[in-house]
Each structure stands twice: as C-alpha cells, then as structure tokens.
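**Student:** Would you mind keeping the following structure in view while I ask a few things?
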C-alpha cells in the first residue's frame, strides 16, 4: 500500500471519529483534505443509529393485472430494502428482480434502510409492485437455485455455488459459430411445454390443474397436447390425486349409506326424541336429551305432558302443533302414529271416537240411530230409505228420521201429530224457541240447523253437534268451506282490517 492510500484511509477514519465525537472543526479539516485529494468515499450510517426492535409493516401488494392484496411483515427499521426483498422472496417466492418497493411516495433503493424512509412504528405502510416475469429469463430451475442461495446466505455461507449431483459430465469443446464454420446457427430451443399462469406468469406442467407458485386455476381454454407424455414426477402426482379422489368417493359413499340407515331407523320409530337439551315452549321445562319429542311435520320440540294435554283437549280430529307466540301460530299437525305413541290405549280410543263423532256431525249425509244411547250411525244415499243399525239391530226410517217398526210412514206421521196436540210441554218448548228466534236470542246452526244460543262473551260460538264455528252477529259460518283460516267465505272478519259487522264484538 502506497503512502497516499494509507494517508487517505487514516484521514477517512479520523473524519468518522470526529463526526461521531461531535468535533466540527476536526471534521471540516479532514473532509477538506479528502475533497482536495478527490478520494472516492462511501459514507453509510451504522445500523446502531436505527431502532432494532421488531415492528409490524403493512404492505399493499399489486401485480401487473391490478390485483391487490394486503399482507403484514415483521421487520426492523434498520433493515435495508435489499433485505426486505430477500424476506419476501423466501416467504412468498417472488424473486427480488421482480419487486419494486415504494415507501413514502418514493422509489426505494436496495442499500437504503427502512428507517431512512420513515418506517419506525407498528402499522407503518409500504407499497410493493410485482413486475411481470413474462419477459425475463426466469424458469423453475433458476428460481429454485436463487432460493437455495438466499437460504445459504442466511445461514452464513456466502460465495458458494450449487453443483448438480451425480457423476461429472465431460467438458465438451465450445462449438464454433457459423462465422467459423460457414453454416447457419442451429434452431433455437423450443419453448417449454405447459400453460402460463395468468397471475404470476409461471410456466406450469400441462397436467397441473393449478399454478405451482400462486395456486391460481388453470385457464379453461387450455388443452393438454395430445402428444404430451408426463414425466415420472407428474405420473406420481396424478396417481396420488387419483388415489385421493378414490378415497374421497369411498368416504362419501360410506357417509351416504350411514345417513340412509339413520333415516330408516328414525322412520321406524313412532316418536323422534331430542338429541340436544331443549326447553318446552309451553311449560318452559328444561329437557335433557331424550326427554322431549320433536314433531316430524314442523320440528317443534315439546315435553310429553304438554303434547298429551293438547291431544286430550283438542276438539278437532286433527291436532295442531301447540306452538304459538306474538307473531306466529304453527299450522303443523301431529301425525297419527305420534298421537298413538303419546296416549294410553284408553285415551287413544277416546280420541278415535271423537274423530268419528266429528266426521258424523259435519256430514250432511250422516244419520244416527234413534235408539237411546246407541252409537250406531251411517252415511245414506238418496235411493236408500231404511238403515239397520249394526249396534242395536233396530231398523231406522230415513224418511221419517225415526224408528217405527210396526207402522208405516203415514201412520207414524199421524200418530206424531196427534201426540203433539195433546203434549202441553212440547207445545211450550216449541213456542219458547220460536220467540227466541224472533228476538235474536237464538239462531239456527247454518250447517245442521239445530237451535243454538250465546250465553255471554264474544261473538264466536261453536255448534255442539256439528262443531261448526259460527259468527253470532252475522248469523252465519265464521270461515269458508276450507275450515279455520279460509277467508274465501264466512263472515271475513278483520280481512284488510275491516270488521264483519259494525256491532262485532270479536269473533276471533
């Protein structure tokens, strides 16, 4: 080393010590000498100046197709932009040559630190633009080699080169150019076979359904070349995918068969019990698994006692779900097998008898045997005049609606009129009913024509014989022919908010 170079190094070190110690005069002196000698220098702030604690950096990443995503990186303010590029390369696979960093609205250079760009606190932001690799010389082998070199540098191994495994190939002499041989150059190498990822431009193998780098789906228009032969690695991957698909289909089939068997077993049960803790919406009892009943039609859950009480107190052949709140009344019905499983044999028989009685009373073509306390009845047709009761075996006349086995119809009618003239009690009863009908204190049922009257309360009543719901104020049926809820007929009370009559006192 000559004297001039040695002197320049001493003056540079003296300048560094003077700046560090805050000696302005000495720093000016040394800097002036170095400037006069035109000594080339590189001035760089030591890492100790920047904070060393880790911070969270918010990075907005955008590619050539204007796709944007936000990621968070754990960095130190004293890191250089080059180190930041290496971090992104190792973590996300984007080579440093494709990264353009913008920090504080300024293009960052590799040797600059994050601290110099104002990155000092958690939540500070930066912008990363990813260049397209379409026009670069990157290929999968070069990309893998760069990643391995970066990993070796992180481990402290520098100035290394990666050698391929296996026996060394003999060094071939350099081929002569066409100027030396007088022949044209060989044809350029054919482009690699595969499809190019529209996101990161990586060339993937033809059979791969998604990008190996960014997992983006293969373009739908791409067709695998007919002459393409997969290599060993691809064949292994395809075999693994086929095996995974086979196992998936097998598990799916097993699950379907299990679900089917579960449904079959559930269908064979009369009652569906709850599998999770539930609360009865009627009595608010907390029910453990297996203590409540889930109705098949509407899936509402109740305790057994509340359902049994609902069935016993029902006046209809079809028992409605008892669920009701301020906004909703469930229209679901209990199934016959659910009712049979909930009730005792005696209660179930009474329920069946109620259904038969309702069916009889609501039919205009039904006739009940006139024998006292006899349960026999029938549906009659126009061409049938007599009914032999299967219970008491008495013969009923369907024309006279009576039993007169030793008289014909004319004789029975004459005898009935004669007895009515001499029966004072019958005459008084007939007169009382006529007066009540005239004064509006009683009315004929619009279905079965018996006399009904209202004791007190609202204007809704139910016929005790045919169970027809009646609107007292309009003297007609409450609902249409479809039954409860059918507003196509009946009094149509509260349809569009309009009462059925100015004097209506709520007919439900």
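Just so it is clear, glycine is given a Cβ too, placed from its N, Cα and C backbone atoms.
So Swiss-Prot lists these for the protein:
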BINDING   280, 283, 303, 306  Zn(2+) 1 binding site
BINDING   369, 374, 389, 392  Zn(2+) 3 binding site
REGION    69-131  region 'Interaction with RNF31'
REGION    161-191  region 'Disordered'
ZN_FING   188-220  zinc finger
ZN_FING   280-330  zinc finger
ZN_FING   349-409  zinc finger
ZN_FING   445-474  zinc finger
**Student:** Which of the three DSSP-derived classes (helix, strand, coil) applies to residue 303 (Zn(2+) 1 binding site)?
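**Tutor:** Strand, per DSSP.
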**Student:** With an 8 Å cut-off on Cβ distance to the 369, 374, 389, 392 Cβ center, who else from the chain surrounds the Zn(2+) 3 site?
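**Tutor:** Neighbours found: 370, 371, 375, 376, 390, 391, 393, 394, 396.
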**Student:** According to DSSP, does residue 369 (Zn(2+) 3 binding site) sit in a helix, a strand, or coil?
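**Tutor:** In the DSSP reduction, residue 369 (Zn(2+) 3 binding site) maps to coil.
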**Student:** Roughly how many Å separate the Cα of residue 280 (Zn(2+) 1 binding site) from that of residue 369 (Zn(2+) 3 binding site), to the nearest whole number?
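**Tutor:** If we compare the Cα positions of residue 280 (Zn(2+) 1 binding site) and residue 369 (Zn(2+) 3 binding site), the gap is 44 Å.
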**Student:** Using the recorded Zn(2+) 1 site (280, 283, 303, 306) as reference, state which further residues of the same chain have their Cβ within 8 Å of the centre of those residues' Cβ atoms, listed in sequence order.
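**Tutor:** Sorted by sequence, the hits are 281, 282, 284, 285, 287, 292, 302, 304, 305, 307.
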**Student:** If you run through the zinc finger (445-474) with DSSP, how many residues end up as helix, strand and coil?
**Tutor:** 0 helix, 8 strand, 22 coil
**Student:** 303, 374: which of these binding-site residues has the highest Cβ count within 10 Å of its own Cβ?
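**Tutor:** Output for this query is 303.
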**Student:** Give me the CA-CA distance between residue 369 (Zn(2+) 3 binding site) and residue 283 (Zn(2+) 1 binding site), in Å, as a whole number.
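**Tutor:** The Cα atom of residue 369 (Zn(2+) 3 binding site) is 43 Å away from the Cα atom of residue 283 (Zn(2+) 1 binding site).
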